[in-house]
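Trainee: Among the features that TrEMBL reports, region 'Disordered' is placed at 15-35. Per TrEMBL, the feature repeat 'MBT' maps to 42-142, 157-260, 270-376, 384-481.
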Amino acid sequence: MMSSVTDKGQETLSLLMGKSPTNGSGEQVHSDGESMEEEVEFNWEEYLEEMGANAAPHTSFKHVEISLQSSFQPGMKLEVANKSSPDTYWVATIITTCGQLLLLRFSGYGDDRKADFWCDIMTADLHPVGWCTQNNKVLMPPEDNVYLRKAIKEKYSDWTEFLIQELTGSRTAPTNLLEGPLRGKNTVDLITEGSLMELQDLHDPFLYWPAWVVQNVGGRLCLRHVGIDSDAHDTWLFYLDLRLRPMGWVQENSFQMDPPAELRSLKSAPEWQEALDRARAEAEKKPLPLEIFKDHADLRKHSFRTGMKLEMVSPQEPFHIRPVSVTQVYSEHYFQVTVDDLTPEAVPYSVVCHAESPGILPTQWCLKNGVSLEHPKGYQSQDFDWADYLKQSATEAAPDACFPNTSINRGFSEGVWLEVVNPLKPSEICVASVQQVRGRLMWLTLQGLAKQLPEFVVDVESMDIFPVGWCEANGYQLTPPHRPVCAYLAPATARFYIFM
């Protein structure tokens with residue numbers, strides 16, 4: 001208790017002497033007008049208690065839940081050393097996982113769980129199926145397990161016949177997760193700095209270019225296009241984002257490999273080609289484990305047609321919802337929408353979408369949910385009416401069947417707190433609160449910014465939102481709320497501790 005009073009007293013003394021206080025590391029905290037930011041370590045638990053508020057449930061963040069899963073999946077099979085005879089092995093099936101622990105069941109027990117056992121990936125003698133054959137090791141049930149041996153013998157003439165039956169069509173645990181530096185790692189930890197992926201272009205769904213991982217923060221990746229040296233064009237994406245593919249995917253699927261149009265002038269064609277060749281050679285030497293992409297969602301087919309109109313969270317300003325039009329259909333999976341702008345000087349702003357794109361909504365969604373819809377720029381009438389607008393433009397509304405489930409809210413509710421990517425500065429994650437939830441959209445207020453942003457709109461399945469404590473758990477800087485502190489005279493007790 002004394003030390004905390006002393007620290008506060010030292011800060012007070014600094015204020016009385018006209019100095020900027022320090023943050024405990026000797027760094028000065030500069031004042032801002034008549035108030036200053038209290039540079040103490042931010043504590044979520046204390047803050048929520050102070051605000052009388054709750055954190056959003058961890059289960060609301062599907063992408064984070066997936067990222068915490070083990071790379072080992074229930075149903076995978078592996079070869080396990082027999083404790084009674086360490087030179088022999090037997091096949092076991094993964095029942096469940098808990099961190100680096102696996103719950104296993106020896107083959108032959110069927111659905112009987114009475115002999116399930118736990119083992120630690122990091123210390124147990126575990127191998128992928130086929131390892132014993134390659135290394136001249138004996139595969140047989142544990143000698144001291146009379147029950148298991150009898151159960152198998154009753155149905156099969158020998159162990160080999162049983163194993164053929166047991167292993168046909170099964171999945172083995174990946175070798176790289178049982179041996180070497182990646183042993184026991186979660187899927188997200190398999191992505192290391194320098195890893196290479198193919199990144200889809202923002203404006204052309206058939207165009208890709210390799211990017212390497214500059215930083216991996218709990219699965220949130222800072223990516224830099226191959227051939228670019230500065231961080232000016234870095235992209236932040238969660239590893240589950242559909243824009244990311246393993247190296248070689250583009251070639252296998254006959255897509256186009258070119259740098260983004262906005263970057264092409266930075267290098268000559270031979271320089272780009274050289275960068276691409278180097279990246280491919282590097283990826284061959286150190287391929288990224290394909291387990292990383294096992295949880296990528298499959299795109300469902302869309303049913304949008306050119307000319308259809310809909311509502312969408314503005315891709316330029318995610319503080320508004322605007323009318324947009326389908327201006328191009330690329331394929332059964334991708335289409336383009338363009339923000340409606342009726343002004344003569346309009347410069348079209350378009351984005352690529354798919355059936356599950358966050359923020360796309362049917363017409364009348366805002367009206368039905370009591371939310372403001374921004375009028376198209378240049379729209380003459382004071383009141384916007386979809387029926388009139390469709391009639392004037394001789395267009396049709398996209399039917400409701402085109403859209404993802406618009407009512408899912410994943411357990412978010414008004415007043416809960418979370419950590420959110422600043423939409424105007426993707427490298428920054430801030431403390432935020434939910435102001436309202438309408439269907440699958442939330443309105444959030446960011447805290448701690450030098451210049452306050454309006455409430456912005458985010459889909460409940462966005463991969464730019466995180467549970468309370470995520471930044472701390474992943475060693476990433478969280479922008480805390482502003483906590484102004486007024487200068488004051490130290491109480492007598494505090495002064496006593498200062499001058500002792």
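The backbone N, Cα and C atoms fix where each Cβ goes, and this holds for glycine too.
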Trainee: Restricting to CB pairs under 8 Å, which listed stretch, 42-142, 270-376, 384-481, is in contact most with the repeat 'MBT' (157-260)?
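Mentor: By the under-8 Å Cβ criterion, the repeat 'MBT' (157-260) pairs most with 42-142.
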Trainee: Mind looking up the mean pLDDT for the repeat 'MBT' (270-376) in the predicted model?
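Mentor: A mean pLDDT of 95 is what the model gives the repeat 'MBT' (270-376).
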Trainee: May I have the DSSP-based helix, strand and coil counts for the residues of the repeat 'MBT' (384-481)?
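Mentor: Helix, strand, coil within the repeat 'MBT' (384-481): 15 helix, 35 strand, 48 coil.
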Trainee: So, by DSSP, how many helix, strand and coil residues make up the repeat 'MBT' (157-260)?
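Mentor: Split into helix, strand and coil, the repeat 'MBT' (157-260) gives 20 helix, 32 strand, 52 coil.
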Trainee: What are the DSSP helix, strand and coil residue counts for the repeat 'MBT' (270-376)?
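Mentor: For the repeat 'MBT' (270-376), the helix, strand and coil counts are 24 helix, 28 strand, 55 coil.
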Trainee: Residue counts in helix (H, G, I), strand (E, B) and coil for the repeat 'MBT' (42-142), per DSSP?
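Mentor: Helix, strand and coil residues of the repeat 'MBT' (42-142) number 21 helix, 37 strand, 43 coil.
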